[in-house]
Structure formats: C-alpha cells, structure tokens
Amino acid sequence: MNLVFLGPPGAGKGTQANLLTRTYEVPQISTGEILRAAVKSKTPMGVKAKEYMDQGALVPDSVVVGIVEERLASPDCASGFILDGFPRTVAQADALKQVLGALGKQIEHVVSFEVDKGVLLERIVGRRVCRACGRAFHVKFDPPLVDGVCDACGGELYQRDDDREDTMRRRLEVYDEQTAPLKSYYEGERLLRKVNALEPIEDVQRQIVKLVESCNG
C-alpha cells in the first residue's frame, strides 16, 4: 500500500497517517522528520542538506528527493508507506515517480483531504496550547474552564505562531498555488481520491480505509 496524502495544513493528514500506520503496519513518512533524521544520521544526502541549512538556505528539491529516496529504500517500506506532505509540486511528483520506478514501486493512491478553508481557519486559529504541559484546547470547541488557564496543570495557554490567522492565510495561499497543479497532475494519472476531511477523525479514517480497500479490491 503506497499512499500520498495531500491537504492543507491543519487538515488532519498527520493524524490519519498515524492511525493508518497502526492498521496496515506501514511507515508514515514526513519530509520534515526524515530530513532531520538524515542530517542527524549523517547520511550522504543528510550531509548535503546540512550544508544548505547551515547557510540558512532552502534545501533544494534534488536533495529533498534524494533523502526521500534513501527513506523509501529502507526495509520497513517493503510492504508500503504513507507519504505525508510530499510531493508539494509537480516537479517533485515527477521526481518521485522516477525514484519509485527505480525501486520497482509506484504510487497506488493519492488521498486528497478536502476542507472548507473558512472552517479550517476557525479550527486552527482557535487552538491554544499549555506552555507547561503541552495540552491542547480550542476557544470554541474545547475551551478551558478558566480562560487562558490549563485545566490539567494551571499553566498559561498561548497561541502558537503557526496558528495565527495571518500566518495560516499565507500558508493556505502557498498551498493552493502549489497544489492545484499537483491535484490536476494526479487526476491525470488516475490516482487522486478525495475524502471529506471535516468529518470526525473516526469517520475520515473509515473513508480512507474504504477507499483504499475498494480500490485494492
């Protein structure tokens, strides 16, 4: 089972990927995590990535794709994998296709997490996190008993920079610019499957499992 998850920040890709890894016993692969792991382990591509990172420069596609290739060649990917948040562009999708071809693999399904941007913004902008214990709250959907105070430990609740409305709007704009062509690309490959990501976590999970198993069947 070789999957790609597409969706805007906050759509629940990571949560669903984590649940699927337990169901199907395949690894969840996040580019941010494997980039950090490659740098820490000093793999050939990790060493190259660190050179760019030390200069404060963006890690180029060629290196990112190389790190993804290193990860996909690992033994635990033999039965499948879930790519979470990669590829982000058509150029990366083309490179991924070549990498997988060289490994004798191919993408089976690209799951697109469909969300209403207004609802998504409300979800994310309302998040609050405890500085002390890390527990998460939501000002509307899961408010603390006392405004600004953690129910669990009494710590201060704050809004992360990534959850601020101006930041989220910029991230969503970038996502739309990059991903609209990518969705068209995968539609052309007949791999794109859409799920309603605004439903409860368990319902989204059922959608994905049903979709994957029906397509496999």
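Using the three backbone atoms N, Cα and C, a Cβ is placed for every residue, glycine included.
Counting only same-chain residues at least 6 apart in sequence, those with a Cβ under 8 Å from the Cβ of R127 (ATP binding site) are A136, F137, H138, Q159, R160, D163. Summarising the annotation, Swiss-Prot assigns ATP binding site to G10, A11, G12, K13, G14, T15, R127, E199 and lists sequence analysis as the type of evidence.
According to Swiss-Prot, the feature AMP binding site maps to T31, R36, A57, L58, V59, G85, F86, P87, R88, Q92, R160, R171, an assignment based on sequence analysis. The 10 Å shell around the Cβ of F86 (AMP binding site) contains 21 further Cβ atoms across the protein chains shown.
What Swiss-Prot records for C130, C133, C150, C153 is Zn(2+) binding site. Sequence-distant contacts of C133 (Zn(2+) binding site), defined by Cβ-Cβ distance under 8 angstroms and a gap of at least six in the same chain, are C150, A152, C153, G155.
Within the model, the region 'NMP' (30-59) carries an average pLDDT of 86. The feature region 'NMP' is assigned by Swiss-Prot to 30-59, with sequence analysis given as support.
For 126-163, the entry in Swiss-Prot reads region 'LID'.
Of all the binding-site residues given, namely C150, C153, the one with the smallest number of surrounding CB atoms inside 10 A is C153. Nearest Cα neighbour of C130 (Zn(2+) binding site) among the listed binding-site residues (G10, V59, F86): G10. Under DSSP, K13 (ATP binding site) is assigned to a helix (H, G or I) in the three-state scheme. Looking only at the binding-site residues A57, V59, F86, the one with its C-alpha closest to G10 (ATP binding site) is F86.
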